[in-house]
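Copied over from Swiss-Prot:
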type: BINDING; residues: Ser47, Thr181; note: Mg(2+) binding site
type: DOMAIN; residues: 32-354; note: domain 'G-alpha'
type: REGION; residues: 35-48; note: region 'G1 motif'
type: REGION; residues: 173-181; note: region 'G2 motif'
Amino acid sequence: MGCTLSAEDKAAVERSKMIDRNLREDGEKAAREVKLLLLGAGESGKSTIVKQMKIIHEAGYSEEECKQYKAVVYSNTIQSIIAIIRAMGRLKIDFGDSARADDARQLFVLAGAAEEGFMTAELAGVIKRLWKDSGVQACFNRSREYQLNDSAAYYLNDLDRIAQPNYIPTQQDVLRTRVKTTGIVETHFTFKDLHFKMFDVGGQRSERKKWIHCFEGVTAIIFCVALSDYDLVLAEDEEMNRMHESMKLFDSTCNNKWFTDTSIILFLNKKDLFEEKIKKSPLTICYPEYAGSNTYEEAAAYIQCQFEDLNKRKDTKEIYTHFTCATDTKNVQFVFDAVTDVIIKNNLKDCGLF
C-alpha cells in the first residue's frame with residue numbers, strides 16, 4: 001500500500017499549516033504592538049514626554065492647537081509670579097524698590113484677565129517691573145523653599161514676546177506648559193514599524209490607586225524622575241523630600257508582581273536644571289551620607305545607583321537608565337530611538353522570534 005494521504009489527511013495537514021501560519025502572524029503582530037506606561041511622581045516630566053511624541057512621531061502641534069495653549073501659557077506665567085510674590089512675605093524678603101508693592105497689589109487685581117487668555121499691556125508692564133526687582137530675584141533664587149513651576153523663568157524672561165497681541169505659542173512654549181494630569185491620557189503613534197500606545201497616568205498621590213491592576217502585561221514602563229527634585233519637598237506633603245518619594249514609588253513599581261516580565265526604563269529627567277542646581281545646592285540635602293563632589297557627573301551617577309540598587313531582581317531584570325531633558329526635542333528623539341531598539345529586542349525574544 002502506498003503512502004499517499006487521503007483527502008481528509010491532506011485537509012488536516014493544510015489546517016495545521018494554516019494554524020501555524022496564523023500563530024506566527026499573531027506572534028509577529030504582537031511583537032509590533034507596544035504598550036508603554038509612563039510612571040513617576042508629580043511634575044517629573046511625563047506629560048512633556050507625551051507632547052514630544054506628538055512633535056517627533058506625528059506632525060507636532062498645528063497653529064490652531066498652539067493657539068489653544070495661549071491661556072495655559074498666561075496662566076502658568078501669572079501663577080509663577082504670584083507664587084514668588086507670596087513667598088516673599090513668608091521668607092521675609094523686601095522689594096528692592098518699595099514702589100513695587102503697588103505693582104504687586106495691581107497684579108492681584110489684573111490677574112483674572114490672563115487666566116482667561118488675555119494679557120493686557122498694563123498687566124505685562126506690572127509683571128515685567130516685578131520680575132526685574134532685586135527682591136523678587138532674590139526670592140526666585142530661593143525657590144527650593146516653596147512650590148514654583150520649572151517654566152517660571154522661561155516665560156517671565158520672554159514676556160515681551162508672549163505679551164504681544166498676536167502671540168501664538170511655539171512648540172517649545174507648549175512643551176513648557178504645566179497642567180496637572182488627572183486620569184489616564186492615551187497616545188498612539190507608529191515608529192520603526194511598531195505601533196505604540198503610550199499611557200500617561202496622573203502623578204499626584206491621590207491618582208495612584210487608579211494604576212496598577214489595569215496595566216499588567218504592558219511591554220515597558222518608562223519611569224520618570226526629576227533629578228532637580230533632590231532638594232525639594234512634595235506639593236502634596238511638605239515634609240516629604242521629592243527624591244525620596246520618587247525612590248519609594250520606583251521601588252514599588254520595579255519590584256511589583258504585575259511587572260515581573262516588563263522592561264523598566266528609567267528616565268533621570270531635568271538634567272539641565274540639575275546641572276545648574278548642583279553648583280549651589282549640595283546633594284547631601286537629600287543623601288546625607290553622600291561624600292562625593294558636587295559635580296554633575298559624580299552626583300548624577302550617585303542618584304542613578306540609588307535607584308538601580310532598589311531593583312530586587314538584578315539577576316533577571318535589567319534597568320535601562322537614560323539621562324534626559326524632556327523639553328529638548330533632539331535629546332528625547334535620541335533617547336527614544338535607543339529605548340525602541342531595546343523594546344524590539346526584548347519583544348522579539350518574548351515572541352520566540354529572536
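Using the three backbone atoms N, Cα and C, a Cβ is placed for every residue, glycine included.
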>> Let me spell it out: take the region 'G1 motif' (35-48), skip the flanking residues so only those 6+ beyond its ends count, and list any with a Cβ under 8 Å from a Cβ in it.
In response: 150, 175, 178-181, 185, 196-205, 211, 215, 217-226, 229, 234-236, 242, 245-246, 249, 253, 267, 269-270, 324, 326-327
>> For Thr181 (Mg(2+) binding site), which of the three DSSP-derived states applies: helix, strand, or coil?
In response: coil
> Hey, does DSSP put Ser47 (Mg(2+) binding site) in a helix, a strand, or just coil?
Replying inline: helix
